[in-house]
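Participant: Structure in C-alpha cells, see below.
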C-alpha cells in the first residue's frame, strides 16, 4: 500500500486524478478550519513563553526530528532553557505524559524517545499540546517551547513557524490529500518564518540543512565506535519517511550494502522479523529505528547517528527573531497568521 501511495504522490500515477475530488473536499475543510481560528471563532491559546513550531505541509518524514535536536542545542548554547512537546505518534497516550530518559518508543512514540535519549530535554507528549506545554512551564521552568510537528495544530498559538521540506521529494505532485502528500497548499509556505530544505538546494529566502553522519553506535548501547569496518557486507533498513535517503547516504560513505529494506514510517519491529532480514550479517539502521529495537538488539546491529548542519545565517536570524518575541511577549498576544 505504501508503495502505491508513493507512486501516486511522487511519480505521477494516474490514480491521482481519481482522488482529486476528495482533495478538493479536504482543501475546503482545512480552509474553513483555519479561517475559524483566524476570525477568532475557534479559541487559540497564547502561552507566556515563546513557541517555535517545527512542522511541514506534507505527510511523512522530512527531517523534523534532527531539526528539533539542532534547535535544542542552539537555544541551550545561547542561554535558553527549551522544552519540547509532541503528539507522540504511534503511542497509546491517555492525556499527556512526560518522556523519561530511555523511555520506550511504544509508550511515548519513536521520535520523542529519540529526542530525549539524544538531548535529555524536558519533553511532554500527548494530543493536548497546550496542556503539555503548561506542564513543561510549571514543572521544568522552560522559557521556550518547541512544538514538534504542530504546524496544523492551530489551537496552540505560535510565535515562530519553521517548515522542513525533504530536498529530494519536495512537495510531490503538489496536490492536497489524498491525491497528493500535502496537508496544506504550497501557499502556506509564504506565511511561515523559516523554510528549511533538507538535503537539497534552497531558493532565495530559504535555508539549506544537511544531515552529517557522526558515529556508528551499537543498538544495544554496549559499544560506541568510530572505526566501523565499512568493507564488510551489511544489510540496511529504515522505517522513516524517505528510506532511500538513508540508503543513498550509506552508499556514498562507502558502506558495502548488499540488501536494503524500507519499512513504513513509525514501523514497529520484532526480533524475528529483523533477524530474518539480516541473516547473521551486520544490520545498519537509523537512530529513529534503533530506539525501537534496543530491548532485543543483537550485538551486530548498528545505527548511524547524524547531526543537522545549518548556516550561521540561519542561527543569527532564528535567534534575532526569538529575542524580538521575548522582548514583545509581555502584554502582547500573537494570533494565527
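In case you wondered, yes, glycine gets a Cβ from its N, Cα and C as well.
Reproduced below are the annotations present in Swiss-Prot:
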BINDING   58, 59, 60, 61, 62, 63, 64, 65  ATP binding site
Participant: Is it possible to get the count of other C-beta atoms within 10 angstroms of the C-beta of residue 58 (ATP binding site)?
Facilitator: 24
Participant: Give me the count of other Cβ atoms within 10 A of the Cβ belonging to residue 63 (ATP binding site).
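Facilitator: For residue 63 (ATP binding site), the count of other Cβ atoms within 10 Å is 27.
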Participant: Using a 10 Å cut-off on CB atoms, tell me which of the binding-site residues 62, 65 is the least crowded.
Facilitator: 65
Participant: Among all chains shown, work out which of the binding-site residues 59, 60, 61, 64 has the most CB atoms within 10 A of its CB.
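Facilitator: Of 59, 60, 61, 64, the one with the most crowded Cβ is 61.
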Participant: DSSP three-state call for residue 58 (ATP binding site): helix, strand or coil?
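Facilitator: Strand, per DSSP.
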Participant: Around the ATP site formed by 58, 59, 60, 61, 62, 63, 64, 65, which additional residues qualify by having Cβ within 8 Å of the site's Cβ center?
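Facilitator: Neighbours found: 56, 149, 164, 166, 241, 242.
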